[in-house]
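Please read the structure below before turning to the comments.
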Amino acid sequence: MAGGGFSTVGASGVEFEAKITPIVIISCIMAATGGLMFGYDVGVSGGVTSMPDFLEKFFPVVYRKTQNPGIDGNYCKYDNQGLQLFTSSLYLAGLTATFFASYTTRKLGRRLTMLIAGFFFIVGVVLNAAAQDLAMLIIGRILLGCGVGFANQAVPLFLSEIAPTRIRGGLNILFQLNVTIGILFANLVNYGTSKISGGWGWRLSLGLAGVPALLLTVGALLVVDSPNSLIERGHLEQGKAVLRKIRGTDNVEPEFLELVEASRVAKLVKHPFRNLLQRRNRPQLVIAVALQIFQQCTGINAIMFYAPVLFDTLGFGNDAALYSSVITGAVNVLSTIVSIYSVDKVGRRMLLLEAGVQMFFSQVVIAIILGIKVKDDSNDLHKGFAILVVVMVCTFVSSFAWSWGPLGWLIPSETFPLETRSAGQSVTVCVNLLFTFVIAQAFLSMLCHFKFGIFLFFSGWVLIMSIFVLFLLPETKNVPIEEMTERVWKQHWFWKRFMDDDDHVAAVKNGDIGMKNGHANGYDPASRL
């Protein structure tokens, strides 16, 4: 039975009938477990790197500094490139893997790409949990990073393509919701395993990542591929059957024909990455790249990677640090649920602009408190100020969770046309992981050198990105995914100047599009890499 129904409007003005069917909800929930795995990997690293047993085994230099505060100041005791590499290697591997994932999402489909991600996750988890030396630990993280690259490539595309237009935003944010649940789950696990005697608690923390890894793998085995992907690979009848199944109606001919036409146009493009650089695709590319850079420059991952380390640095003590990170993780989850309910009602721009004000205020307050109260030689933060810091961190996390967190993935996944969608998503994931790697690798060193000024640094970026959203980001809510060019980009005061058709003619001349009697000439999906 369908959970509800509505119509969406196609480019020709024809209404597409679409019910919210159980298979859509179940498929999206299963696919979004890729976010659960990603979130767990983000959250677990900060917890285990604050565990003495883990540090003593793999990072003895850092262990000695944490046991003897006199060796280094509060802000610098965790400043170690090897420790940062443990966290950041996952994202560097994901950056590399996303190029291969771009190929598999087109050639093999979204579903099989998610299955490949699950395989990488499982092997990486086994190596991490059983690690005997630093090399084994890093190799495991690299394999987890490969899983992240494949999952982050396929899952947002899958969610955007399978969801009915009017709830596309909410269902897509299931990915980000699962990221936040994964972080919270990791924080809770770390809090529990830190109390295990015998020095093996960190192994349990790393090993329990197998739970979301198995969920993603099983989910990928059970879900159907998206109609867009099936049609793009030439399986027209199967694509139509799946479309009929997920829409909960036999009246899918108008939407099916539009998908077929979009696929035909996409197949004319032999070189999607080169096509991305064409003038008419520049707005989508600039927006996608800017959102990924800005998302990381909010400073959120610095807090999520190293929340226990950060709170311990501020004088909370190990148990209190882990407890505080659990609180921020819970706020993260609840605030993402707010985004699910509001993104398709309030709109993308309003959420981003409101969050900009909230994030800027909270980071400035944190910087002022730390600047006055936390010195290199201070051993504790007064209880009242400590509570205020946690409140401000939660204020920051909540605003990110209903704005830049989910929308940084949602907006790029819904704005690229089909002919450049896989390539565009690949660039999106690539840029995101590149800047995630940079922040992960640099944060503890930045904290050592900038001290409380690190929050002023990130607040400055929040101001810049809010101005960018105000003037250059168009609203995309309730716009069918194949109609973005006509209804969004051609209507925007600035980006419409890039929407002329002259570059289409140039593309034909340059060989980006091979035409013969109005049809694709010698199209080969592999040539699109």
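Yeah, the Cβs are placed from backbone N, Cα and C, and that goes for glycine too.
Marked as transmembrane segment by TrEMBL: 20-40 (among others). For the transmembrane segment (20-40), the list of distant contacts is 1-6, 114, 117, 121, 147-148, 151-152, 154-155, 158-159, 162-164, 167, 171, 174-186, 208-209, 212-213, 215-216, 218-220, 222-224, 245-248: same-chain residues at least six beyond its ends, Cβ to Cβ under 8 Å.
Look at TrEMBL and you will find 27-477 tagged as domain 'Major facilitator superfamily (MFS) profile'. Residues belonging to the domain 'Major facilitator superfamily (MFS) profile' (27-477) score a mean pLDDT of 85 in the model.
Look at TrEMBL and you will find 82-100 (among others) tagged as transmembrane segment. Cβ atoms under 8 Å from those of the transmembrane segment (82-100) belong to residues 41, 45-46, 49, 58-59, 62, 120, 134, 137-138, 141-150, 152-153, 305-306, 426, 429-430, 433-434, 436-437, 440-445 of the same chain, restricted to positions at least 6 beyond its ends.
The transmembrane segment annotation in TrEMBL covers 112-131 (among others). Within the chain carrying the transmembrane segment (112-131), a Cβ under 8 angstroms from the stretch's Cβ atoms is held by residues 31, 34, 37, 58, 97, 101, 104-105, 137, 139-151, 153-155, 158, 203-204, 206-207, 209-210, 212-214, 216-217, 219-221, 223, 225, all 6 or more beyond its ends.
As annotated by TrEMBL, transmembrane segment applies to 137-159 (among others).
Annotated transmembrane segment per TrEMBL: 171-192 (among others), in sequence order.
Long-range Cβ contacts of the transmembrane segment (204-224) within its own chain (Cβ-Cβ under 8 Å, at least 6 residues beyond either end) map to 23, 26-27, 29-31, 33-34, 36-37, 40-41, 44, 47-48, 51, 111-112, 114-115, 117-119, 121-122, 124-126, 128-129, 131, 140, 144, 147, 151, 158, 182, 185-186, 189-190, 193, 196, 242, 245-246. Annotation comment: TrEMBL describes 204-224 (among others) as transmembrane segment.
Taken from TrEMBL, the feature transmembrane segment applies to 285-309 (among others).
Annotated transmembrane segment per TrEMBL: 321-343 (among others), in sequence order. Long-range contacts of the transmembrane segment (321-343) within its own chain (CB-CB distance under 8 A, at least 6 residues past either end) are made by residues 43, 46-47, 50, 169-170, 173-174, 176-177, 179-181, 183-184, 186-188, 190-191, 194, 303-304, 307-312, 351, 390, 393-394, 397-403, 405-407, 410, 477.
According to TrEMBL, the feature transmembrane segment maps to 350-372 (among others).
Sequence-distant contacts of the transmembrane segment (384-405) (same chain, at least 6 residues past either end, Cβ-Cβ under 8 Å): 176, 179-180, 291, 294-295, 298, 300, 303, 311, 314-316, 324, 327-328, 331-336, 338-339, 342, 351-352, 354-356, 358-359, 361-363, 365-366, 369-370, 373, 465. Annotation source TrEMBL lists transmembrane segment at 384-405 (among others).
Panel annotation: around the transmembrane segment (426-446), residues 78-81, 83-85, 87-88, 91-92, 94-95, 98-99, 101-102, 148-149, 152-153, 273, 276, 285, 288-289, 291-293, 295-297, 299, 301-302, 305-306, 309, 408-409, 412-413, 454, 457 of the same chain, lying at least six beyond its termini, place a Cβ under 8 Å from a Cβ of the stretch. Feature annotation from TrEMBL assigns transmembrane segment to 426-446 (among others).
Taken from TrEMBL, the feature transmembrane segment covers 452-473 (among others).
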Task = Could you pull out which residues elsewhere in the chain have a CB under 8 Å from any CB of the transmembrane segment (171-192), counting only those six or more residues past its ends?
result = 24-25, 28-29, 31-44, 46-48, 51, 155-156, 159-160, 162-163, 204-205, 208, 212, 304, 307-308, 319, 322-323, 325-326, 328-330, 332-333, 335-337, 339-340, 343, 401, 405-406, 409-410, 413-414
